Structures are given as structure tokens and as C-alpha cells.
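> As annotated in Swiss-Prot:
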{"type": "BINDING", "residues": "Trp28, Ser86, Leu87, Phe149, Leu150, Ala151, Ile152, Gln153, His240", "note": "substrate binding site"}
{"type": "ACT_SITE", "residues": "Ser86", "note": "active site, nucleophile"}
{"type": "ACT_SITE", "residues": "Asp213", "note": "active site"}
{"type": "ACT_SITE", "residues": "His240", "note": "active site"}
Amino acid sequence: MNATTSAHHPLHIETIGQGPDLVVIHGWGVNSAVFTPLHEQLSEYRVHYVDLPGFGLSQPIAGNLSTWIDALINNLPTNAIWAGWSLGGLVATQAAIDYPSHIKGLITIASSPCFMAREEEAWPGIPPQVLSMFGEQLGQNLPKTIERFLAIQAMGSETAKEDIKQLRDLVLARPLPDAAALTQGLDMLNQIDLRMQLSSISQPWLRIWGRLDGLVPKRVQPQMPTASHITDVMLAKASHAPFVSHRQEFLQALLPWLTQFKD
């Protein structure tokens, strides 16, 4: 296992395991410690657990999504599979579009190409007032805002109370996110719309959804492009954090799909 962070290398990336390179990217308000429960099952891969800029142990990086992706690309191996949860899925999707030769497979978990609801297009997503509420609360009470967001992620799951506790315990093992990075992330969730660019993704693409997800409604999946290289898995009882609430079902979707990248 090794981890790196320095003045020249502001991203904290923890590398564990041996095998094909797999990059794993967390969502808003948390850090890569949320994936700790998956370490053992992913040990046949060389997994790079990334703290996004300003989250966990990574230093903030000013700029937009492209700036973040450039920093990731410069510090991660080429020819890797990229997996992203929630906001991390948006990051991984944009990276697969912008750097197709670097990314040989894409996995999005409870993620949308456009998180914001667009009423005029009947596009399902997060109501605008919810994100603006989080933005306002950030300035008042950072820890409470993070905790409230974790609660929303588990909402709908039968084990919501336990899920929230597990997420909170994992996330709080590292420093709270940088306030500016949280605002950057909210802006990305608010503004980015990749729907018209999805047809350029030619890599094998696994999309894992939670039917009870309160942030990425189940109605998003039928509106997504389909093709022979795309696999959709809808977990019937999962909410926004399926790898926490339904780890075995999540791994049953993920691990067989990953075997195509083994030599």
C-alpha cells in the first residue's frame, strides 16, 4: 500500500492491491475513506483511491471540473478503469470523454450526467432549491451540513440509520472538506450537463443505480443512451450509496464486469 501527497503533488491517492489499474473517485462532501469496506474484495486490482481536490487529505485546486481532471490525469496511470460515485461519476464521465486513450473502462455509481432537475425538459434530478440550501448552510455550519447530506444519501434504504453511521464514521476519519472545494463541487452538480456528449463514450461502461435513490431518481436510467458496450444494473432496494447499504449485490454487479480487463 502506498499513498502520496506533497506540495508538488497536491492530490492524496492511496494505491492498494495488484492487477489492472482501477481508479475510484468519491462523491461530494466525503472522501475516499468511504470505499474502505471494498478494499478486500478489490484486492485483485491495483486500486487508486483518490481524494478529490480539497476533500480528505488532498489540497484544494482552484478552477473548474477540467482543472480537477487534468490534475487527476497527470497523477494517475494511463490505460486504467475509472469508477466514480455520485459527483465522482460526473468527474469520471467527463474524463472518459476528454481522455479516451487514458481510460479503458468507465463505471458510474448512483451518478447522473446532469444532477440538476430540468423541468422544461422533464429531466429528473435534484430540485434547484435543495442545492442552493446546501450552499447557504455551508457558511453557517460545515459539519452539520455534511451530516445532513449523508442522511439524504441513505434515505430510502431499509438500513438507513446504520448506513448513515457507517458513512459518517468513515468520512470523519479524515479532515472535513475545504469550504471552497465544497462550493466548487456544488457548482459542478448545479451547472454541468454532459447529456449531449455521452454518445462519444465508446469504452465499456457499467452503470449501477439504486431504485430508491433520492438524488439520482430511477427515471434517469431510461433516458440514458444504450449500446452494446453499456451495462445497466438497477439495485432494487438500494438508495444513493449502494456499496454501503447493499455491498454484496453491488459487488455481484461490479466484479464479474471487471473480469473483462484481466489479461
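Each Cβ is built from the backbone N, Cα and C atoms, and glycine gets one as well.
Provide an account of the burial state, proximal residues and distances for the features listed.
Sequence-distant neighbours of Leu87 (substrate binding site) (same chain, 6+ residues apart, CB-CB distance under 8 A): His26, Gly27, Trp28, Leu52, Ser111, Phe115, Gly185, Met188, Leu189.
Reduced to three states, the DSSP call for Ser86 (active site, nucleophile) is coil.
Around Asp213 (active site), the same-chain residues six or more apart in sequence whose CB sits under 8 Å from its CB are Ala110, Gly156, Ala238, Ser239, His240, listed in sequence order.
When secondary structure is read from DSSP and collapsed to three states, His240 (substrate binding site) falls in the coil class.
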> For the binding-site residues listed here (Ile152, His240), which one has the lowest count of neighbouring CB atoms within 10 Å of its own CB?
Ile152
> Sorted by position, what residues of the same chain at least six away from Ser86 (active site, nucleophile) have a C-beta under 8 A from it?
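Counting only residues 6 or more apart in sequence, the Cβ neighbours of Ser86 (active site, nucleophile) under 8 Å are His26, Gly27, Trp28, Ile109, Ala110, Ser111, Gln153, Leu215, Val216, His240.
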> Can you give the largest Cα to Cα distance in Å, as a whole number, for the residues Trp28, Ser86, Leu87, Phe149, Leu150, Ala151, Ile152, Gln153, His240 that bind substrate in the record?
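The two farthest binding residues have Cα atoms 16 Å apart.
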